[in-house]
């Protein structure tokens, strides 16, 4: 009905029947009425559930007085039945929250101005806000608390009952309570440490059932998951192990120290292309892409080590390009998304991010340990070549382990069964919702299909086509809304700022402070080790106190402060200034990454959640392009001289950061 209203408004404004101000007022009133209907229905159903819990409480009290424990099991099942009905109610509420976002988005798209900004800003913060009841539902907590307390009370058949209030740290391990908590967290966007880490990987469980929801424990192979995480760890070590010595390596081959930007950035250049073909390859296999990745990285590191004795900068750059062509992070992400059961996917996602962070710290630390020099059979082993030799050996061992231990999942078979089963499951869920609660407010399957088609009525493409995943980067780009583009810009900005900081650290610290390679390695390792503690604090506490969009803006401003502090304003550039500004920039960029990817997964089209050209690939390409641009900027700024290198590379970071903050404020209310 609301979509038809939007169509009518468009026609009326075109023919002069109504002006835009009339349309705004009328549409606001209609939307207010619909939200009020949802909220009143929600309160009514909560009352029904509360009455049932009260009745069950009286039955429980009677059983306790009679010391009759024979009916405990039946009573517990009755409480669980209430819990399952509450889950249905939460799903109903989540469905309507999605509907509200969609109709606001459609209105903005049809009329070309930001009605969402006006509507959210006027409704969300009002003392009688009904919109808050939809998006920040807290009344359900009382019902959840009553269910949890009574189920905990009934856990012990022998009558030695305990209260949840006596043991607040102990959570109730009951399936229905876990389902309710998951639904409440999804609805309120609450989070914990694992979820926050998982957001960095952009493989947090989505709204709909995916292939991995149907993966059972028998088909799940833990060792294969471990091999994917080890691949992630080794690749990150491979990326950052050369950073402390890249400038010295380029000088030893007769080039300028700032050519280290080209050496480091070559890997990212190749990754732009490898991300696409690895993402497509993972549609058919996981084992073969991982084998190819290991071989490319083995050969790339071998050439990297040999470039010194060959005295060839070209061989050195080709070596790094080959390493970039072996980047299988798209495969690692896809494996977790498709082949790990839903109940462990969050831990696997957190493991992916942790492996990346650990590799980022271990790479420079390992480089700091390789400060030696010797020759064997005419081959030179020193601080420049040893990173190549060490990683060459590491990838050879990994390839052998992969060959004997990896278990290829039944990819195509699983995919076919998933398509069928997930469709049936979706109809079953919608049927249960209709039968259980809210018949007047829910559409049946046929009407929903019609609505889905109507949702794309302004496209000339077939409705069936409009729900298929994007088949090219161009098609994926056309699906990007302004909010998604802004989030990708923020991701570009934070990766650009981090790459500038890390890649030029060796040149800058050597010029200003005469730091040795070991000192640079320790500094970079310490930066990398801040990732997990910061995520613990933010994921456990901060995200439960503030909205994601508030943390996003605050983190952007702190990154801006870190960049400004990094500028060399006086001839006396001090170590405390550099280290402090670097810590602020790096730490808040890490915080920003988690929140940014969380918001990105929330505002992007569902068509970008699957297929080769998905949201994960877009964010990877955005971050990789940022790294390439940053490394090229370092090399280009090197022509100005090392005395101007720092400020010359910080200016683009400053401009992009300011631009991303302005863009964030322009789309702030669409992130609600």
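Each Cβ is built from the backbone N, Cα and C atoms, and glycine gets one as well.
Residues annotated as domain 'SPX' in TrEMBL: 1-121.
What TrEMBL lists as transmembrane segment is 222-243 (among others).
The transmembrane segment feature in TrEMBL is assigned to 255-278 (among others).
The transmembrane segment annotation in TrEMBL covers 290-307 (among others). Counting only same-chain residues 6+ beyond the ends of the transmembrane segment (290-307), those with a CB under 8 A from a CB of the stretch are 227-228, 231, 234-235, 238, 242, 253, 278, 313, 315-316, 318-328, 331, 379, 385-389, 391-392, 395-396, 398-399, 402-403, 406.
TrEMBL lists 313-331 (among others) with the feature transmembrane segment. Residues 228, 231-232, 235, 238, 242, 249-250, 253-255, 259, 262-264, 266-271, 273-275, 278-279, 281-282, 286, 289-290, 292-297, 299-304, 306-307, 388, 616-617, 620 of the same chain lie 6 or more positions beyond the ends of the transmembrane segment (313-331) yet place their CB under 8 Å from a CB of it.
Listed by sequence, the residues of this chain that lie at least six past the ends of the transmembrane segment (352-374) yet keep a Cβ under 8 A from its Cβ atoms are 197-198, 200-201, 203, 228-230, 232-245, 332-333, 336, 380-383, 386-387, 390, 517-518, 520-525, 527-529, 531-532, 535. The transmembrane segment annotation in TrEMBL covers 352-374 (among others).
What TrEMBL records for 386-404 (among others) is transmembrane segment. Panel annotation: around the transmembrane segment (386-404), residues 227, 230-231, 234, 237-238, 241-242, 245, 287, 290-291, 294-295, 297-298, 301-306, 319, 366-367, 370, 372 of the same chain, lying at least six beyond its termini, place a Cβ under 8 Å from a Cβ of the stretch.
As annotated by TrEMBL, transmembrane segment applies to 488-513 (among others).
Annotation source TrEMBL lists transmembrane segment at 519-539 (among others).
TrEMBL lists 551-572 (among others) with the feature transmembrane segment. Listed as Cβ neighbours of the transmembrane segment (551-572) (distance under 8 Å, sequence separation of 6 or more from its ends, same chain) are residues 490, 493-494, 497, 501, 512, 538, 542-543, 578, 580-586, 588-589, 591-592, 595-596, 599, 646-647, 650, 653-654, 657-658, 660-661, 664-665, 668, 671.
TrEMBL lists 578-600 (among others) with the feature transmembrane segment. Beyond its flanks by at least six residues, the transmembrane segment (578-600) meets 191, 196-197, 199-202, 204, 484, 487-488, 490-491, 494, 497-498, 501, 505, 508-509, 512-513, 523, 527, 530-531, 534-535, 538-539, 542-543, 548-549, 551-552, 555-556, 558-559, 561-563, 565-566, 615, 619, 671 of its own chain at Cβ-Cβ distances under 8 Å.
The transmembrane segment feature in TrEMBL is assigned to 650-671 (among others). Residues 105, 114, 116-117, 120-121, 482-483, 486, 489-490, 492-493, 496-497, 500, 548-549, 552-553, 556-557, 559-560, 563-564, 566-567, 599, 602-603, 629, 633 of the same chain lie 6+ residues outside the transmembrane segment (650-671) yet bring a C-beta within less than 8 angstroms of a C-beta in it.
Taken as a whole, the domain 'SPX' (1-121) shows an average pLDDT of 82 in this prediction. Sequence-distant neighbours of the transmembrane segment (255-278) (same chain, 6+ residues past either end, Cβ-Cβ under 8 Å): 239, 242-243, 246-249, 289, 293, 313, 316-317, 320-331, 473, 503-504, 506-507, 510, 612, 617, 620-621, 624-625, 627-628, 630-639, 642, 645.
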